[in-house]
Each structure stands twice: as structure tokens, then as C-alpha cells.
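If you look up TrEMBL, you'll see Ile9, Gly10, Ala11, Gly12, Asn13, Met14, Ala70, Val71, Lys72, Pro73 marked as NADP(+) binding site. According to TrEMBL, the NADPH binding site annotation covers Asn57.
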Amino acid sequence: MNTTRIAFIGAGNMAASLIGGLRAKGLEAAQIRASDPGAETRAKVAAEHGIQVFADNAEAIAGVDVIVLAVKPQAMKAVCEALRPSLQPQQLVVSIAAGITCASMNHWLGEQPIVRCMPNTPALLRQGVSGLYATAQVSPEQRHQAEELLSAVGIALWLDQEQQLDAVTAVSGSGPAYFFLLIEAMTAAGEKLGLPRETAAQLTLQTALGAAHMAVSSDVDAAELRRRVTSPAGTTEAAIKSFQANGFEALVEKALGAAAHRSAEMAEQLGR
Ligand SMILES: NC(=O)C1=CN([C@@H]2O[C@H](COP(=O)(O)OP(=O)(O)OC[C@H]3O[C@@H](n4cnc5c(N)ncnc54)[C@H](O)[C@@H]3O)[C@@H](O)[C@H]2O)C=CC1
Ligand SMILES: O=C(O)[C@@H]1CCC=N1
């Protein structure tokens, strides 16, 4: 990673998080470039990180080792097809686009080494988690480069089947939104129970933070931590029983199933 040169195609939220993580990890600004059609986006990322920016994708990738595709899934086909004539065979392509398969990218780009990833938005705070999948053309050194890139913004976990990325998308890619939904619902319920909104929000947020810290640092699992809060015939038991009587686990399973299904469906709709 010390000398790796990286170009970001698309300089939006996720790219900016990754660039910030890499800079914090000690990568020189001169090792990083980004291209984006938005003049404001280019100016922002250049000002924040001191990197060189481009309006032309082909210009941005000249001479780099790693090309990170950080555009919306709907833009991937056009972006890849336009890059194809400018690619060097040894350049690693890392995609963070949801629901775009390596087969589609190889179809658009040619037989390029590809690492497909699914990060999540806590990457903004370097608290993210990503799933990574590498095609057979990816060398051990390139696997290392991809892992270093994603681990600059959190934890990076390798997968041995590409299909597992649909599940990763369902669990952690979209996952922050589920926790935000629970935060919204608990805050609203607290308010309905008579608390000022601001108090309900603070109680909810600090509880979420405290519970996440406990779950991460504890040597027992979440089920045991839950049991420890749940006094027999007490208040937690009343709430948990109500959740479960209303099908909480089935609801979560169904929601994550819908996200994974949508990820696979996007691959069908946006591939080829
Ligand atoms: N937001 C999220 O929670 C997550 C997003 N992703 C994936 O990350 C990718 C980027 O998402 P965000 O950063 O949230 O989106 P964003 O909209 O903030 O960034 C996309 C950028 O691509 C630029 N762009 C559009 N067309 C382009 C082109 N032809 N060439 C170069 N740049 C172009 C846009 O101007 C924009 O700045 C998406 O594919 C998404 O599926 C992955 C994990 C989580
Ligand atoms: O909602 C989406 O499609 C993207 C992928 C994971 C998070 N956001």
C-alpha cells in the first residue's frame, strides 16, 4: 500500500470516506486521484484531501494500480464500457456498487482482475464493515491492496462465494438504516409515553451506543447480554414478549430477505 496509486471513479459519499480513511492511514495525496462529472464534488474532495481531480475518467486512471468504481449501480455499465479502451491488464478494479456482478463487469471491462465489495456508511467514521470477493484473476498482492483499501475505513471480511455479497448487502450494507429505523421508532414511542422529544432521543441514542459497545466488547453473545437485562416477570420481559408475539424475528428475516432478493434482482436488471 506504501506505493500503491489509486484512482476513484465517482467522488461521492462512499469514495470520500475511503479517501479520508486512506489519507488518515498515511497514504500520500499524490497517490490518490478522483474523477467525477460534478464540478462541486471535485472541488470539495480536492479541497478536503489535497488530491488531484479529473472530469475525465480515462485521464484519472492513467498509471494507477487500483481503480475504485464508486458510482451508482445504474451508471456502472456506461462507466465500465467507456473505461475499457484505457485499461492496462494489470490494473485492479475494485467495485463498491451494490448488485453489480463480477461477470457483468468482466463483460463490460474485459478480463480485468476484479474485487467486488460491499461497504457501509459508518465508513464515514472509519467504523464500517465490508464484505469482499475476488475473481480468479486477482493476485495475492492485489487482494492485499483491496483489503488495505477497505480496512482503512473499518473491518474487511473476505467471502469465498460472490453470491454471499447479496447477504452482506442485506445485513451490513443496508443495515445502518435498520438501526436508524429502530432509533426513530424508540424515540417516537418514548415521546408517546410522555418524555420530551429531545430527552427520548438522547435516551435512545445513548442506549444504542452503550448496547453496541457492550455487544462488541463482551465475551458472551447478544442472547446472553439480553438475558442479563431481562429480570423474571420484569419490564424487559414484557417488552421482549410483546416483540416476539408480534413476530419480531420473522419480520427481521423477511426484511433482510427482501434486501438480498433486491440485490440479486439488481444484478439481473442492471447486468449485461
Ligand atoms: N450509500 C451506501 O450506504 C452504500 C453505497 N454503496 C455503493 O456505493 C456506490 C456509490 O454510492 P454513494 O457514494 O452513496 O453515491 P454518491 O451519489 O454520493 O456518489 C456517486 C458519485 O458518482 C458520480 N458519477 C456519476 N456518474 C459518473 C461518471 N460517469 N463517472 C464518474 N463519476 C460519476 C456522481 O457525480 C457522484 O458524485 C453505489 O454504487 C452504491 O451502491 C455501497 C455500500 C453502501
Ligand atoms: O440501498 C442501497 O441500494 C445501497 C446498497 C447498500 C446501502 N445502500
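Cβ coordinates are placed from backbone N, Cα and C, and glycine is handled just like the others.
Just so it is clear, the model here is predicted, and its values are computed rather than measured.
TrEMBL feature annotations superimposed on the structure.
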{"residue": "Ile9", "record": "NADP(+) binding site", "Cβ contacts under 8 Å, 6 or more apart": "Ala34, Ser35, Asn57, Ala60, Ile61, Ile67, Val68, Leu69, Ala70, Val71, Val79, Leu83"}
{"residue": "Ala11", "record": "NADP(+) binding site", "Cβ contacts under 8 Å, 6 or more apart": "Ile19, Ala34, Ser35, Asp36, Gly38, Thr41, Arg42, Lys44, Val45, Val53, Ala70"}
{"residue": "Asn13", "record": "NADP(+) binding site", "Cβ contacts under 8 Å, 6 or more apart": "Thr121, Leu124"}
{"residue": "Lys72", "record": "NADP(+) binding site", "Cβ contacts under 8 Å, 6 or more apart": "Gly10, Ala97"}
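DSSP assigns Asn57 (NADPH binding site) to a helix. Minimal Cβ crowding within 10 Å, among the binding-site residues Asn57, Ala70, is found at Asn57. DSSP assigns Ala11 (NADP(+) binding site) to coil in the three-state reduction, outside any helix or strand.
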